[in-house]
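Working notes, structure below.
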Amino acid sequence: NYFKAWRQGRTGYPLVDAGMRELWATGWLHDRIRVVVSSFFVKVLQLPWRWGMKYFWDTLLDADLESDALGWQYITGTLPDSREFDRIDNPQFEGYKFDPNGEYVRRWLPELSRLPTDWIHHPWNAPESVLQAAGIELGSNYPRPIVGLDEAKAR
């Protein structure tokens, strides 16, 4: 279930998962991470934006109906000044841009804390020896990506 994996921070995309775990633990997310997790929800998982907005409403300490509704509509591309719907924010590239050393990911995903920085935003590409040294078994203690970005673009 994509919705459950997203809520629990178990999508297999470290920046998305870190954001969702921070949200659950603190009731807050930086604006940029809000964009990343909501874009992933709508454009990659292709789930109804109202589900994501409702979850934010129930979880965010600073939830604001008007602002949140407009934010989610902006992400879906339904507002006049929105980005195109088919523009998918790649969580791996967003991670390189906003968390280049992996500090944020390591804070919220302790199971990835020993993973070298070169692989922190895409552990599925790490050599098996690197994963073993970091104590990571994909599909066991950290999920493989639940959907591929290329697959999402094709849909």
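Heads up, the Cβ atoms here are built off N, Cα and C, so glycines get one too.
Annotated domain 'Cryptochrome/DNA photolyase FAD-binding' per TrEMBL: 2-154, in sequence order. If you look up TrEMBL, you'll see D62, A63, D64 marked as FAD binding site.
Locations of recorded TrEMBL features on the structure.
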residue : record           : contacts (Cβ under 8 Å, 6+ apart)
D62     : FAD binding site : G27, W28
A63     : FAD binding site : F56, W57
D64     : FAD binding site : none
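Taking the centroid of the Cβ atoms of D62, A63, D64 as the FAD site, the other same-chain residues with Cβ within 8 Å of it are W57, L60, L61, L65, S67, D68. Here the domain 'Cryptochrome/DNA photolyase FAD-binding' (2-154) has a mean pLDDT of 92 out of 100.
D64 (FAD binding site) carries neither a helix nor a strand DSSP state and counts as coil.
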